[in-house]
Amino acid sequence: MTDAYVALEGERVVSARARAPGRTRGELVFTTAYTGYEESLTDPSYEEQVLTFSYPLIGNYGVRSERFESDRVHPRAVVARELTDDVASWLTEEDIPAVDHLDTRELVIGIREEGAMQCGVVAGDDVTPDDALEELAQCEAMSDHTDIGAQVSVDSPVTYNRDGEGPSVALIDCGAKDSIVTSLIDRDATVHVLPYDTTEATIEELSPDLLFVSNGPGDPKNFDAAGDLVETYAGEIPLAGICLGQQVIADTLGGDTEKMTFGHRGVNQPVRDLQTGQVVMTTQNHGYTVSDPGELDVTQINVNDDTPEGLDSDDLDIKTRQYHPEANPGPHDTLDFFDDVLGMVDSKPTVSAD
Ligand SMILES: NC(=O)CC[C@H](N)C(=O)O
């Protein structure tokens, strides 16, 4: 058995068992999701973070690539009470350090009380507590990853379902999960997945029916190019956003965002629709929240802490969600969001060709 150490802010070091070797650092966060570890670990929103699972056993139904949400693992390291051999081998192949056999209850309570924090993780034959502290010393604050979009976005445009009968969607890829693309294709939309720093020239050329800002990692204030598109096209083209997308749209249209203490990460976050009173269970993964909705109306809130979960503007044709309506992992209660956003296009009067 090889050694592992996790160094936390305040120079505290916790010992663990190495399950995949390496040395790294990142923002320590936790998810309460008890299933869907393949989807979570391949969600680009976790870039530059170290993901702790509060559920004690991770990997009990194997690892299958058809459940992946992107082509690689995004957290910089993985922490759990017990990781199966399947997950440990996968993370070893992916070069992602992983550790287990530590008290994840204590770790999670610490994050809840003190907030998401910087950490260093080392795992392998010859690592020491000092190595973990050295990694911690080099850890940057999340907001200092100013070009994090470049790490997760496509390099050039990719079009799916070009001959689709449905609306054409320009999806600004700030680190989009594959299920967002699939949910749109399933509704026969043509989806143009565009780099996070796409400019107006590309949008003019494509002339899409809907502009959609995806989920993504880090601080929404570091996604200026997406904000510029929102500013230009709000009121001109219907707009949709998921998670980071909601944050960028609110930030741009007179609102603001702020960092939460430990965020929402899990698959049973209750959300209430303010008009119908209905509560749905949602999948979430975010550390920032909209603190001021600006020109948008708050239409849904989190039942646990009242933070905005849905923002809409009927005048500007905008619908955004802080949670992940595409699920994967998690409940399918909110898939109708995709019908609703494509419906914003259908409700527009169409100009007849003859
Ligand atoms: N899933 C996401 O899009 C996350 C958005 C943002 N990075 C946050 O942590 O709040």
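Glycine too: its Cβ is placed from the backbone N, Cα and C atoms.
Site annotation (TrEMBL): L-glutamine is bound by G216, G218, L244, Q247, N285, G287, Y288, and the candidate from S15, S45 recorded at this site is S45.
Distance between Cα atoms for L244 (L-glutamine binding site) and H324 (active site): 10 Å, as a whole number. Cβ neighbour counts within 10 Å, taken over all protein chains shown, single out Q247 as the most crowded of the binding-site residues S45, Q247, N285. For G216 (L-glutamine binding site), the nearest neighbour among the active-site residues C243, H324, E326, judged by Cα separation, is C243. The domain 'Carbamoyl-phosphate synthase small subunit N-terminal' (2-122): residue composition by secondary structure is 31 helix, 46 strand, 44 coil, according to DSSP.
If you take the CA of H324 (active site) and look 10 A around it, the binding-site residues you hit from G218, Q247, N285 are N285.
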